[in-house]
Amino acid sequence: MASCWRLILFLSVTRWLSDYSEALSGLSTSYAALLRIKKSSTSPFGSKSRPRFSSPSLGTISVSPPSWRGAAQQYHSPGNLYHSSDAFRQDESVDYGPVFVQEPDDVIFPTDSDEKKVALNCEVRGNPSPSYRWLRNGTEIALESDYRYSLIDGTFIISNPSELRDSGLYQCLATNSFGSILSREATLQFAYLGNFSGRTRSAVSVREGQGVVLMCSPPPHSPEIIYSWVFNEFPSFVAEDSRRFISQETGNLYISKVQTSDVGSYICLVKNAVTNARVLSPPTPLTLRNDGVMGEYEPKIEVHFPFTVTAAKGTTVKMECFALGNPVPTITWMKVNGYIPSKSRLRKSQAVLEIPNLQLDDAGIYECTAENSRGKNSFRGQLQIFTYPHWVQKLNDTQLDSGSPLQWECKATGKPRPTYRWLKNGAPLLPQSRVDTVNGILAIQSVNQSDAGMYQCLAENKYGAIYASAELKILASPPSFELNQVKKSIIVTKDRGVLIECEPQGSPKPAISWRKGDKAVRANKRIAILPDGSLRILNASKADEGKYICQGVNIFGSAEIIASLSVKEPTRIELTPKRTELTVGESIVLNCKAIHDASLDVTFYWTLKGQPIDFEKEGGHFENIRAQASSADLMIRNILLMHAGRYGCRVQTTADSVSDEAELLVRGPPGPPGVVIVEEITESTATLSWSPATDNHSPISSYNLQARSPFSLGWQTVKTVPEVITGDMESAMAVDLNPWVEYEFRVVATNPIGTGDPSIPSRMIRTNEAVPKTAPSNVSGRSGRRHELVIAWEPVSEEFQNGEGFGYIVAFRPNGTRGWKEKMVTSSEASKFIYRDESVPPLTPFEVKVGVYNNKGDGPFSQIVVICSAEGEPTAAPTDVTATSVSVSEIFVVWKHVKESLGRPQGFEISYWKDTEPEDSVETVRTRGNESFVMLTGLEGNTLYHLTVRAYNGAGYGPPSREASTTTKRHPPREPPGNLRWEQQGSQVSLGWEPVRPLANESEVMGYKVFYRQEGHSEGQVIETQKPQAVVPLPEAGVYIIEVRAYSEGGDGTASSQIRVPSYSGGKITSAQSTLHSLSKWSSVTLLLALMLPSSSW
């Protein structure tokens, strides 16, 4: 990796060697070339971007501002009655003070940048739109004072920036009619790297084994730089190890113990961390003295971290420690009264302790120790961790009535603990008799219009500052009812209470007074003016009717509003019937009658179980019938269980609302029983229990048990003990179950009204094993080979196998004998058994039976049946086999079969093959029964075939016959009949064509076939002729399709082209005339169309 870097750096150096050749003519060629690095290195940032800081360290570059450097933060979340939200501020119709969208970032400007401009960004929103001003080091910048300054929107631009005139702290001040806010401080810093002094450096001479420090003495620079050293010539860099160390704090090169290989020329190379510019120092020669080798000595620490190291939480700190000594010292680290964090890393042969992501508990005293065989030396320093200010509590925008008190509090954390300052409209807030600022609290005893404006709380410690902004609005307006209108007409029923609201808007808060007509309203036991200004009247009567005037007054004016109060008789209601019992499927009408003041309109509302009835979504069960103005009926049709409950009728008038309820009980089939539990299981029984079902207001008369297995068609009712399960029972036994079968059970309840829904199925259980009780059925014999007895049966279903290890016992004996021979078949799926005995003659009768067994024992046998052993395979070959070629692809084969006493044939197999192919390419065709002929098809024409015939049955094949041979017919002529001509006269068509002449490998023409059919029909007729002509009758009107083929012993040849002949009863038409006739008709139509078209279309 190092060699790769060296190559890259070397190439970058040689690219610009010509720039400084004259200026460095006094130096050696290699050193002059190295020095030119400083000119060739430029900022990595092009003309379209600038570096920006993200932390207080000036060594890193980012595009985002630091969170601690005075970043003004606005918080407008709802906090109290008077605040305004951020969404409110974005409403263009609402006026509000300035709010920062973007504050200026720290900027590092490379002095050698091609873009000679610096832009400090500032964006603020507000209504009206804010104006911008800028401050440098706390003093407002006069734009007209320097031609280099310009302001575009809020962005401050400096052309041709200069470090002497322009570096410093910049702030953006945004102002509109509501006040001003000041941004965080943004630092403008210039990045540069000067040149080393051109003076020749003196040689450093030491003894071998002695330690040495080579000074770098870097040139002026900003910000920090990175140090490295070149040995003798570029690109040979000094490699750091336990003996050599380059301090990034001092830039010096430390060699703890000089060796002869260290003799040479050393050059310090520095690189600006921002611009990447590089410069090289003059060489420093290192030589060895001639007065002997340096003896061993104890370590001397030449590089160490400061006594106090200060770093920010979350950053990375690097502490250096290196010593000179002979032998070369070893560096170790420790934390006094603690442990070095596990996240720490040791770099450069342990000379650098690096601790990333610093936390507060990483602080403490750290010690480095340098040790060799001659002794040791240590250094201690303290690591202190600070944190930037961070908000815990911010400000909210606030609006207050004039004269109200204000208390704002902002809180921030940080180490050291932050102090607070307050700004108003961008300027420090000075203490006054009414204004008090203590830490983060701002208190104003009695606000007035002069206090309105933009306020900022600034929390800061020695490492940074943060801003929080808020707007204070002072409200001052006469009373108004525009936003809180009072009902002009209020209706209340007799003996009820009424509240007449009065909440005028105004600042300060208006004082409220009430009048009825011309008289002031006096408070008494029934009448009271509430703190919010509303008028409350209890137990209203006719005497309380009239016009009420509410008046609001403050220092800016008054306003009043009038409300008219009417007192009516209270509404009464009656809902009937009160309590009713029904059965599912029945219907009922509930009647709701209202007695009310005749001047009031009434509205009826229906509820079920406290919820409004949705008449459109209830499936037609409910209907609201309004027959009279003062009553309403609720019709419930085809009632369901879910319709049971309390029905409410509410009558609503403009004055009051009253309601009444009625209860409806619905009887129906029972609900599903509770969880079904299988308590005990045997081979054929299961004891079940369940929770009672809901009877739905009709006692349960009985329960029914149902079961389901993999072998049943759905749920089936099972027999139980007791046979009848009464409604008061909660358990029963299912009986007559099959052993070793998985079952699910469920329970169904029944009452006089009907049968309810079933319970949830029980868990799946399996009955216990038992000896099988079902014997195989349909025991019979099957065909097999000679000397075989084939016994077949229908396998027993798994449902009746009753346990594991199920199999079959096959017993058989020759008919008329006494002893049984038994064989075990272990497969439960087996359906046959083959017994082979060479001494058994064919067709010997046997008595057979098949039994069953499983792991629990043997089960029953089937009934005894008599079957025969297999017959023998045929022993005689067919005779008189004859093969006759029928066509180009067919051979007809016939034979005779010699009847014999054994080996009755089931059919015959014909094997055939081409003369030109080996016998292993033989093909076969089978017949069944006693047929003694077959037609072979799909053969090749003009080919010699050989064939044999043999009989077969279930025992096997008989011997083949003698071989027979024949040659298939030659192919029919492939040339179709040509020059087909026709002449129609009446209902006949005379045809003629040129004769077909076959090729040498084709069969001779025996004649011709004329195929004709009526167009649109699939079936046609054929006329055969030996001459190249024929007469075709056309019996019906229509168009006929005609084609001609030659035929030979090889079959039909290729068809001629088809002709279409229309039936024609008058005159004589030839094929040529038909063509002319068709052309004539087409020409006539074309001419007619041409005459009809306008001339412009031609």
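Cβ atoms here come from the backbone N, Cα and C positions, even for glycine.
As annotated by Swiss-Prot, domain 'Ig-like C2-type 2' applies to 195-281. Residues or ranges marked as domain 'Ig-like C2-type 6' in Swiss-Prot: 570-659. Summarising the annotation, Swiss-Prot assigns N-linked glycosylation site to Asn137, Asn195, Asn396, Asn448, Asn539, Asn778, Asn815, Asn930, Asn1001 and lists sequence analysis as the type of evidence. Under the heading region 'Disordered', Swiss-Prot lists 956-982.
Features recorded in Swiss-Prot, as mapped to the structure shown.
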residue	record	DSSP class
Asn137	N-linked glycosylation site	coil
Asn195	N-linked glycosylation site	coil
Asn396	N-linked glycosylation site	coil
Asn448	N-linked glycosylation site	coil
Asn539	N-linked glycosylation site	coil
Asn778	N-linked glycosylation site	strand
Asn815	N-linked glycosylation site	coil
Asn930	N-linked glycosylation site	coil
Asn1001	N-linked glycosylation site	coil
Cβ-Cβ neighbours of Asn137 (N-linked glycosylation site) (radius 10 Å): 11
Integer Å distance between the CA atoms belonging to Asn539 (N-linked glycosylation site) and Asn778 (N-linked glycosylation site): 98
Closest of Asn137, Asn195, Asn539, Asn1001 to Asn815 (N-linked glycosylation site), Cα positions, glycosylation sites only: Asn1001
Counts of helix, strand and coil residues, the region 'Disordered' (956-982), according to DSSP: 0 helix, 12 strand, 15 coil
Spatially closest candidate among Asn137, Asn195, Asn396, Asn539, Asn930, the listed glycosylation sites, to Asn448 (N-linked glycosylation site) (Cα to Cα): Asn396
Distance from Asn1001 (N-linked glycosylation site) back to Asn930 (N-linked glycosylation site), taken between C-alpha atoms, in Å: 39
Arithmetic mean of per-residue pLDDT over the domain 'Ig-like C2-type 2' (195-281): 94
Other CB atoms, at most 10 A from the CB of Asn396 (N-linked glycosylation site): 20
Cβ neighbour count within 10 Å of Asn930 (N-linked glycosylation site): 12
Residue pair Asn137 (N-linked glycosylation site), Asn1001 (N-linked glycosylation site) - Cα distance, angstrom, rounded: 117
Three-state composition of the domain 'Ig-like C2-type 6' (570-659), taking helix and strand from DSSP: 3 helix, 50 strand, 37 coil
Other CB atoms, at most 10 A from the CB of Asn815 (N-linked glycosylation site): 12
